[in-house]
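Peer 1: If you look up Swiss-Prot, you'll see Asp32, Ser33, Glu34, Tyr35, Asp36, Ser81, Leu82, Glu110, Arg133, Glu167, Lys283, Lys307 marked as NAD(+) binding site. The active site, N6-AMP-lysine intermediate annotation in Swiss-Prot covers Lys112 and rests on sequence analysis. Per Swiss-Prot, Zn(2+) binding site is recorded for Cys401, Cys404, Cys419, Cys424, and the stated evidence type is sequence analysis. What Swiss-Prot lists as domain 'BRCT' is 586-667, and the listing cites sequence analysis.
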Amino acid sequence: MADLSSRVNELHDLLNQYSYEYYVEDNPSVPDSEYDKLLHELIKIEEEHPEFKTVDSPTVRVGGEAQASFNKVNHDTPMLSLGNAFNEDDLRKFDQRIREQIGNVEYMCELKIDGLAVSLKYVDGYFVQGLTRGDGTTGEDITENLKTIHAIPLKMKEPLNVEVRGEAYMPRRSFLRLNEEKEKNDEQLFANPRNAAAGSLRQLDSKLTAKRKLSVFIYSVNDFTDFNARSQSEALDELDKLGFTTNKNRARVSDIDGVLEYIEKWTSQRESLPYDIDGIVIKVNDLDQQDEMGFTQKSPRWAIAYKFPAEEVVTKLLDIELSIGRTGVVTPTAILEPVKVAGTTVSRASLHNEDLIHDRDIRIGDSVVVKKAGDIIPEVVRSIPERRPEDAVTYHMPTHCPSCGHELVRIEGEVALRCINPKCQAQLVEGLIHFVSRQAMNIDGLGTKIIQQLYQSELIKDVADIFYLTEEDLLPLDRMGQKKVDNLLAAIQQAKDNSLENLLFGLGIRHLGVKASQVLAEKYETIDRLLTVTEAELVEIHDIGDKVAQSVVTYLENEDIRALIQKLKDKHVNMIYKGIKTSDIEGHPEFSGKTIVLTGKLHQMTRNEASKWLASQGAKVTSSVTKNTDVVIAGEDAGSKLTKAQSLGIEIWTEQQFVDKQNELNS
């Protein structure tokens, strides 16, 4: 047994060393196969001799049992955001404020990693808890997922009690590999590495997180008591010595001109990095000076984040293609010579509508400027007429639908051209894709490519046909093995039990969104009652306007639609509202019977989760602020709704006040 104990210690040392070389130094000394062999040896020993499994074992990196949900936990000290600078003038004003308060200053410049802020707590040197930033006061406990990140030490090199903060991110190579895998499985791709990192860290099954190959850079420590550091630069050096991964592309500079030089350098070199950055963080380096400057309610006075402007690149417009949405809107898309924008290769970009093409004088063959709106959605900003070739072609939208050949129309008051043929193939396919989407019937495994195959094979012609699919229909399809078919049929069966509002939204009735579907389902309770409703009745319902009322009645009066509903009934698809009616709920008097509006960005829950919880307490959640509104819950960046509420003297809660009230009810 002593020999086995010695071997376990040896395996710990080897695996930790090889992991550090691979994930932190990016300089592995052994092949992956050697690491895997040693890891499996340790796993086997721990399975046969559980007494040898420790909290800092390298096997923890593999992930553990799936969790039911993430607990909300208060931060010991708030995770504040930074003020933003967008240009040189903003930075010089920041520098002036600093010097007026504390005199001469040295700055620390660090890359702003485009990821997810996390807080890591260590007790006696062991990693015990990891939280997301959340709203800065309360975060989610994602400890098990963070343990799978090799750049996070499970045990520090010194037995300290400390809390460090950093940015979890997905390296570009991990992002490309993940999206390649998703594409093979006909799953929706992640838009960028940041979204991929955030989604990976919120997996309830840490084994899935482990497969995503995330990393982290630590950038600060909460309490310097056990640190012999007098500056930010010395603190980062101390963190390195303790086994943490900090970003080495940092620099101490003596003045604001040095800051500007650092920004210029990394603005031009950011694409050479193996991870995404979205700016530069500038901090007063001296810790005593930081203490002297202090904090505002939202951010430290001694630091600022310079945000990179949206990157613009020039490429060639090769062609313009059209896509037809489920409501018949015809959208032009630019086909581009592939070009790298904000870290990803772009070959297609939105042109929105015909008016934009003409207003910006965009022609096929032009050199065009492309950027990503919010570093996510590619769009063509403008053409460059001085580079225009002689054979550039002025684009004219077609008069007939490229899918079905029906004449296109422009409805008064709209900029978009629209195909109004209800049997248009492109619209039908898009309608099927919408029907199975998450907020509609939520049929997992029915991706775009599978739906296209099913439609082209004439196995489905309308949404009801989905519930008639059999194993024999699905097995011959591309990339559809037995297990995938079994899972898909189970998902289809499960979708039959969805509540009425899911079905209503899934049917794709024009102007009828998620919220209005919920309102109608709760009001009428069954599809049969809805089939008898009049336009005059609908417009009397709060949150149902004239357009929605007219659209719903016209849709449900159509004989083809009534036949479709019967076809769904024949396969026992639920047509009844399964939720609790707001009027029947005896909720807490703090919420019951009140009309509440949510506005701004929430951090501790989604808007949908907040709405459902409020409804469970008997509140009525509406989308607009009126004199009848009782409370407005204002998240981050709340806009005109908050302003209107203030002018009407309506009670306003912050997100934290709302969460506190929830906690009071639950305690």
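Every residue gets a Cβ built from N, Cα and C, even glycine.
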Peer 1: Around the C-beta of Asp36 (NAD(+) binding site), how many further C-beta atoms are within 10 angstroms, looking at every protein chain?
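Peer 2: There are 10 such Cβ atoms around Asp36 (NAD(+) binding site).
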Peer 1: Sort the recorded positions Lys112, Cys401, Cys404, Cys419, Cys424 by C-alpha distance from Leu82 (NAD(+) binding site) and give me just the closest.
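Peer 2: Of the recorded positions Lys112, Cys401, Cys404, Cys419, Cys424, Lys112 has its Cα closest to that of Leu82 (NAD(+) binding site).
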Peer 1: If you count Cβ atoms within 10 Å of each one, which of the binding-site residues Cys404, Cys419 comes out on top?
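Peer 2: Result for the most crowded candidate: Cys419.
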Peer 1: Could you count the residues of the domain 'BRCT' (586-667) that DSSP puts in helix, in strand and in coil?
Peer 2: 31 helix, 18 strand, 33 coil
Peer 1: Counting other Cβ atoms within 10 Å of each Cβ, which of the binding-site residues Glu34, Leu82, Arg133, Cys401 scores lowest?
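Peer 2: Comparing Cβ neighbour counts within 10 Å for the binding-site residues Glu34, Leu82, Arg133, Cys401 gives Glu34.
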Peer 1: Can you give me the average pLDDT across the domain 'BRCT' (586-667), rounded to a whole number?
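Peer 2: Across the domain 'BRCT' (586-667), the average pLDDT comes out at 80.
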Peer 1: Between Lys283 (NAD(+) binding site) and Lys112 (active site, N6-AMP-lysine intermediate), how far is it from one CA atom to the other, in Å?
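Peer 2: That separation, Cα to Cα, works out to 12 Å.
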Peer 1: For Cys401 (Zn(2+) binding site) and Lys112 (active site, N6-AMP-lysine intermediate), what Cα-Cα distance in Å is obtained after rounding to a whole number?
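Peer 2: Cys401 (Zn(2+) binding site) to Lys112 (active site, N6-AMP-lysine intermediate), Cα-Cα distance: 46 Å.
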Peer 1: Give the three-state DSSP assignment (helix, strand or coil) for Cys401 (Zn(2+) binding site).
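Peer 2: Where Cys401 (Zn(2+) binding site) sits, the three-state DSSP reduction gives coil.
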Peer 1: Which residues in the same chain, at least 6 apart in sequence, have a Cβ under 8 Å from the Cβ of the residue listed as 'active site, N6-AMP-lysine intermediate'?
Peer 2: Ile277, Asp278, Gly279, Ile280, Val281, Ala305, Tyr306, Lys307
Peer 1: Taking the Cβ of each of the binding-site residues and counting other Cβ atoms inside 10 Å, which one has the highest number: Lys283, Cys424?
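Peer 2: In terms of Cβ crowding, the pick is Lys283.
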